């Protein structure tokens with residue numbers, strides 16, 4: 001189950017927000033979005049989540065419960081600014097090593113600068129690479145995390161297969177992503193916020209509404225909780241589950257390589 005689909009001319013198309021684009025074009029378009037918002041990425045998440053992303057990320061780290069021992073290795077994908085990786089390292093008592101992978105160099109630059117300021121550089125490695133082609137040996141990591149990034153990957157099924165490959169046996173996948181609201185009243189409120197307020201706030205903050213319009217649309221195009229859980233199972237993961245946050249505005253998906 002992939003979000004890619006065959007176009008009339010036989011090529012592959014995928015969604016870029018509400019638009020259908022050739023599969024090979026999506027990554028470049030997404031890169032442009034994140035180059036524009038890199039310096040204000042955390043503010044962007046505050047706008048997108050009404051400030052709740054910080055609570056959800058803390059809950060994600062609590063679920064991971066990183067081991068407080070040397071040699072514990074985590075791969076944080078699409079984590080350029082370091083927000084998740086910093087939390088992992090701190091939660092491990094600065095014992096864990098987190099590899100932060102992102103396809104966007106602007107985001108990684110922000111993360112590396114923040115790591116220096118937090119004096120966490122010794123526990124972090126920053127890698128510019130594609131989630132669909134991870135530059136690591138099989139069975140390299142104890143955990144794989146990705147927060148609000150999987151929906152921007154052109155071929156989600158390929159990224160999940162790569163996650164499975166690089167995890168050690170007994171390793172865990174955790175995916176935090178905006179999802180399908182399961183409360184009718186909240187759904188209407190969040191829809192109004194998303195399509196009316198978020199692009200305008202984005203324009204006020206960055207001078208450009210377009211990146212925020214894409215991000216709102218990409219949330220609506222992402223598979224719902226049950227369908228995404230099915231994709232995780234198809235990638236080979238076991239004990240797949242999800243936990244809704246704030247009525248399903250976001251969901252934390254978990255799977256194990258057993």
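Note that Cβ sites are derived from N, Cα and C of the backbone, with glycine treated the same way.
Quick look at what Swiss-Prot lists:
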- 1-20: region 'Disordered' (REGION)
- 81, 102, 130, 131: S-adenosyl-L-methionine binding site (BINDING)
What does DSSP say about residue 131 (S-adenosyl-L-methionine binding site): helix, strand or coil?
coil
For residue 81 (S-adenosyl-L-methionine binding site), what is the secondary structure state per DSSP, taken as helix, strand or coil?
coil
The answer, for which of the binding-site residues 81, 130 has its Cβ ringed by the most other Cβ atoms inside 10 Å, is 81
